[in-house]
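Working notes, beginning with the structure itself.
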């Protein structure tokens with residue numbers, strides 16, 4: 001018979017196309033990954049460059065909108081200078097020519113408690129005539145009032161040229177105005193920053209000595225509250241912490257309990273206690289009768305409050321009290337605007353809080369290319385040791401502009417010398433000048449560490465450029481500059497009891513034209529706040545002669561702020577457990593020699609989706625020309641590891657020239673790498689055009705080395721690209737040399753549409769020894785679309801022993817082994833057969849023996865005939 005040579009080539013072409021497709025897909029996926037990652041790397045680089053460029057631009061930009069809250073960056077530099085909020089009041093003056101005498105006025109709010117004023121823009125009227133820039137002028141205060149009220153009074157900044165021909169520059173703070181310049185055409189705007197200030201008070205109490213026992217375990221704190229959690233420390237902003245405490249056991253004089261602040265807070269603010277053993281006194285805690293219950297101190301270095309009980313507690317029980325203490329920013333540990341942890345420990349009990357610092361930007365000045373820009377802050381005042389010192393930080397040209405003939409004036413007063421306790425002179429003042437490498441790294445808190453690598457000290461370059469020619473004024477000639485400078489001032493104040501007021505002024509011109517004169521000033525005045533508390537207790541009770549103690553003064557307890565409920569952490573999704581790969585060593589000698597010479601529509605829809613030992617020995621004993629429609633629909637959901645021991649003695653004598661277009665589209669996706677070395681040398685011209693296009697893309701590497709020497713020359717080019725890794729070593733040497741040369745021209749159209757959708761990982765090593773040498777031109781379109789995607793080698797060995805019609809006796813029907821305890825459908829079939837069998841009318845033993853003998857003879861003859869035909873075929877080949 002003719003062989004289909006083109007079939008193999010077609011399959012090879014398909015395989016080549018598939019390999020090419022896979023290769024193309026790999027190239028596309030690889031390119032996508034490669035270019036995708038590269039693109040992200042480029043974006044990251046661009047973002048980094050953008051960030052760097054943005055920082056540089058921000059450092060040199062003229063905009064003053066530098067209000068972004070940054071991530072806290074704690075500075076670990078050892079600097080014990082404590083903080084107290086200092087109030088700044090700035091005014092700037094801008095004109096096109098340098099006047100002989102200039103005065104500017106500001107408004108400053110003064111208040112002893114807790115009000116903050118908002119900076120408001122002001123303006124200048126300048127009617128000065130032109131003067132030479134070389135004439136050094138000293139900006140000087142004209143008049144100023146500080147009223148310790150919540151109202152605004154006018155301050156003024158004065159500029160003198162040899163203290164002659166002074167002119168007044170009105171700076172009303174209520175509304176913005178413009179500059180009137182008689183000789184210039186430009187009208188730049190002027191802005192002032194108003195801040196309240198408070199006078200420095202004297203210490204309240206002396207430090208208490210803790211000589212007793214720490215009784216934190218006997219003290220319980222409650223009703224803790226922060227007055228506010230957001231403020232501007234550069235505008236004298238601060239907060240208060242309030243708490244109640246209860247002594248749960250007896251204590252004696254000298255015993256103490258403690259409270260500790262976090263790094264982001266201080267209890268001393270900008271008051272410097274470094275010359276006082278780093279200890280700050282706190283107001284006494286007193287009873288309602290005025291008796292001192294406890295004395296308190298604050299350690300600057302450890303940030304610890306110590307409350308020492310007096311002898312008042314010796315005969316008392318049920319001691320209850322409360323305290324309220326001011327808290328300030330730590331400029332060194334919280335240098336940038338942002339939110340910080342503020343967890344406070346009271347008597348070993350932690351109260352967790354967050355606090356946000358919105359520092360006013362230190363980058364301020366005139367809004368034009370050559371506008372003067374300067375700011376300053378008093379960051380430490382010694383009020384306790386008697387040395388009367390203070391520390392001040394000045395940022396010169398923080399906008400990093402190109403300026404010409406720049407002068408900076410540091411003054412110990414604002415309006416009038418007699419209204420300030422500040423002293424600026426060559427003997428009272430020490431100046432250190434630093435050049436800033438990166439302006440963007442300047443702190444928002446005005447803290448500057450002299451050992452910071454971002455600061456380069458250049459004090460020696462200014463030895464001959466610092467002058468004290470005018471009373472209480474230090475004049476520094478910077479000249480032409482393009483960089484930012486930091487000036488650290490260590491000064492003194494006197495004992496007159498006046499407020500410490502300072503002022504810094506910068507003036508410069510356009511370095512190109514040597515004109516366009518600009519001036520900007522900044523005022524400072526520090527604030528001190530004090531706290532205190534109260535307590536009471538009951539006298540010890542004597543059962544015989546009770547002595548009542550003073551009544552307890554109940555204090556209204558502040559409502560504690562509710563603590564936020566933490567969001568529950570999402571539980572991780574459980575990872576799916578991988579399903580074990582079936583061991584598809586299915587030696588399923590699926591000798592599907594289904595010489596279905598009958599019209600047995602054996603629609604064996606064996607959805608062998610699982611491990612069913614589908615030994616469906618459905619002996620559909622239909623006589624070959626007997627259209628025994630044995631619809632053996634063995635829906636054997638054979639969920640088994642398909643130990644398909646199908647003893648299919650397919651003794652089909654039927655010369656089934658089965659042109660069986662067994663388009664078994666068995667999409668056996670059973671990843672079965674069916675390397676079926678099926679040496680199908682069966683020269684059986686079984687021209688069974690069984691286009692078994694079993695494109696079973698069984699991509700499972702199941703090395704199903706099914707050496708099924710199924711010597712069937714059935715051009716079953718099952719190009720099953722079964723790349724299945726499922727090492728299904730089904731060595732089913734199904735050498736079924738079943739020379740089934742059954743010439744029974746049983747043209748049985750056995751449409752055995754066995755749609756056995758065996759959808760499991762079927763290592764369908766269907767070693768179908770389809771030795772169908774049967775010339776049975778039975779167009780049995782067995783379109784067995786057995787999508788055997790399963791492990792079920794559903795060997796529906798329908799032993800269609802045609803011509804036999806042998807019904808085996810019930811007691812001889814062998815039940816297949818079922819190691820998994822699953823339902824054996826063949827048993828059910830046997831029982832049904834037993835029930836429906838015809839009554840026996842003859843001798844059972846004789847019929848049985850005759851049938852067995854005939855079957856054996858037929859089998860022997862078939863084997864001999866098939867072998868002879870195979871040998872003949874080999875000889876012809």
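A Cβ is built for glycine as well, from the same backbone N, Cα and C atoms used for every other residue.
Per Swiss-Prot, the stretch carrying the note motif 'YSIRK-G/S signaling motif' among 15-26, 27-38 is 15-26.
Within the set 272-276, 277-281, 282-286, 287-291, the record from Swiss-Prot flags 272-276 under the feature motif 'MIDAS-like motif'. Taking Swiss-Prot as the reference, the stretch among 828-832, 838-842, 848-852 described by the feature motif 'LPXTG sorting signal' is residues 838-842. In the motif 'MIDAS-like motif' (272-276), the DSSP tally of helix, strand and coil residues is 0 helix, 0 strand, 5 coil.
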